[in-house]
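Notes to accompany the following structure.
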């Protein structure tokens, strides 16, 4: 049994010693079978939340009404959830009623996808009532039971299914795909914030191209903000988003590949409810994709935008990242004599004193001239040198 599980075994032991069932469940069990890195460890039990709290010294109530208590053990936190059934879903996303039960099988049958609906006992034996193991072997994504019922319960499960397809490279079961196309309108009941989380994970998946094609074939894209079919060109579908780093790079690539101008890009990202900072960064990165770089452009962009937009340019044209080119760009940026206007040896106040003039738009214009001269190494970034240069410029204008 893998290390993350062995660390949590004392929790199962405690529950067993007091007469309760306890199993590892969910994504961690799936990832064991896939040979992937194990993430969070979740535990399911027939002990009620109150009982779980009484058995462990350190717990956190994160949703007792839905059966979940966090148990803190040896510096780690584990979600311990009581076996339950759910009925009468509201808004196609949350159960109206939750009933605690004593059957592991019934608890597993309420879950979304077969690959997520397996359990593992304390000895490492897999309990699979839904064919999850077989679906992993066949590389297939399908719901537990009737897909229409699962999507009626929580419409976001449609996007989750395609997100797992993107991450794992599996195929979508035919009946699951058919139900998606039929019930796609239910996604209108899901908040943009929840859809955004799934979309970001989908875009970062190794098999994103396959997932985007499924979004199109099932017409799910019609229920997502700002995605119009005529903009979903091959370049958008085939771009390797998973090779990018931050979400600002991912969204920057998206708006560039959708062919949105800056005004439309801002509206598109606002529809997706991006934070102000993430939106601003994504738009800036997109602005400089395919840029012909010089000192002024590097100064305007800044190091992060420079490297991020260059990465997107490389991936767009070559589908790979050239790290030597990125390193060369970083060296060029580091060699700039100034990185911000504040680095200039003169300020607006200095210019006002030197010119003996009051404030006005002339200050910004003159600072811009000085900035360009310094960036192109035509002028040393020293106050005295700048004042001499400005005097020489004045004399030239007079002579002209």
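Note that Cβ sites are derived from N, Cα and C of the backbone, with glycine treated the same way.
Per Swiss-Prot, the features are as follows:
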type: BINDING; residues: 27, 30, 111, 154, 157, 160, 163; note: CTP binding site
type: BINDING; residues: 27, 30, 111, 154, 157, 160, 163; note: ATP binding site
type: BINDING; residues: 40, 42; note: Mg(2+) binding site
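The maximal spread of the CTP binding site, taken as the longest Cα to Cα distance among 27, 30, 111, 154, 157, 160, 163, is 21 Å.
In the three-state DSSP assignment, the secondary structure recorded for residue 154 (CTP binding site) is coil. The binding-site residues under consideration are 157, 160, 163. Their Cβ neighbour counts within 10 Å are lowest for 160. Relative to residue 42 (Mg(2+) binding site), the binding-site residues with Cα atoms inside 10 Å are 27, the candidates having been 27, 30, 111. Spacing of residue 40 (Mg(2+) binding site) relative to residue 163 (CTP binding site) is 18 Å (Cα to Cα, whole number). Ranked by how many other Cβ atoms sit within 10 Å of their Cβ, the binding-site residues 30, 111 place 111 at the bottom.
Each of the binding-site residues 40, 42, 154 was scored by other CB atoms within 10 A of its CB, and the lowest score goes to 40.
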